[in-house]
């Protein structure tokens with residue numbers, strides 16, 4: 001900052017101090033403690049003198065008195081506010097010391113001088129965050145935060161982009177106007193900026209967390225018995241077995257379907273009276289006689305086992321041979337000549 005700007009700021013602050021002469025010393029110093037920094041920011045934001053941009057020092061002093069709620073200029077400060085002002089003053093001193101120490105690391109006398117250069121970028125980011133915060137609050141879907149401000153069921157990208165551009169332009173316009181002269185509006189502006197910064201940290205963390213989460217994709221296993229509702233067991237003669245029980249190799253019962261029947265004509269479901277399979281004997285796929293005399297499957301044709309047939313044939317060929325008894329001789333058979 002050049003000497004001319006410093007002189008203008010010092011002269012303006014002194015005239016404001018004189019205009020606040022009717023206030024107690026502690027109140028007056030509290031109102032003026034951040035005025036030089038504010039005036040420096042106003043000069044850095046654009047052309048024009050302080051009087052042209054903020055008005056006369058007396059008018060500015062009147063705004064300070066009104067924003068602090070001291071319309072009569074002599075209202076005493078409560079003890080609680082005095083303690084708060086003391087703590088705030090100590091915090092400001094700590095910030096100033098940090099500003100001076102960090103500045104040389106960035107190549108400037110103070111870190112705040114470097115931050116002033118980043119102010120246009122902050123205006124753009126502030127508009128983006130304001131649009132995203134508005135969309136998040138008024139979104140009916142309550143879905144994860146995206147990159148565009150989509151509100152409710154309006155998911156058209158053109159609307160989201162238009163809303164985002166308007167918010168950014170509004171933030172830039174507000175930034176070029178500078179901070180408000182009144183104390184309360186200035187605190188509201190700074191508080192909203194801090195809230196947007198917190199929203200940005202939370203939103204970026206949520207987006208990073210959702211991006212790093214990998215969706216679980218399980219292996220699909222096809223089961224050909226998933227649609228089985230009833231089981232019909234047939235014995236070796238092809239007869240339907242009633243009340244059959246099925247178990248696996250560990251002795252656990254095997255269950256298929258529900259113990260009930262669906263009437264194919266009406267579609268009504270009724271509980272089965274069977275203690276085992278089948279649940280619905282009258283719906284057997286093959287007709288015939290069951291062990292209890294009902295219709296079931298006819299005896300299945302038994303096909304001979306080729307291996308067993310060959311084995312039986314071998315046993316027949318190699319079995320014991322019965323030799324016939326000796327035939328009587330002819331001499332013995334013929335009658336004697338006597």
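The backbone N, Cα and C atoms fix where each Cβ goes, and this holds for glycine too.
Predicted automatically and left uncurated, TrEMBL annotations should be read as such.
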Among ranges 54-72, 73-91, 92-110, 187-205, whichever one TrEMBL labels transmembrane segment: 187-205
Residues flagged as transmembrane segment in TrEMBL, choosing from 6-24, 25-43, 120-138: 120-138
Of the residue ranges 158-175, 212-229, the one that TrEMBL records as transmembrane segment: 158-175
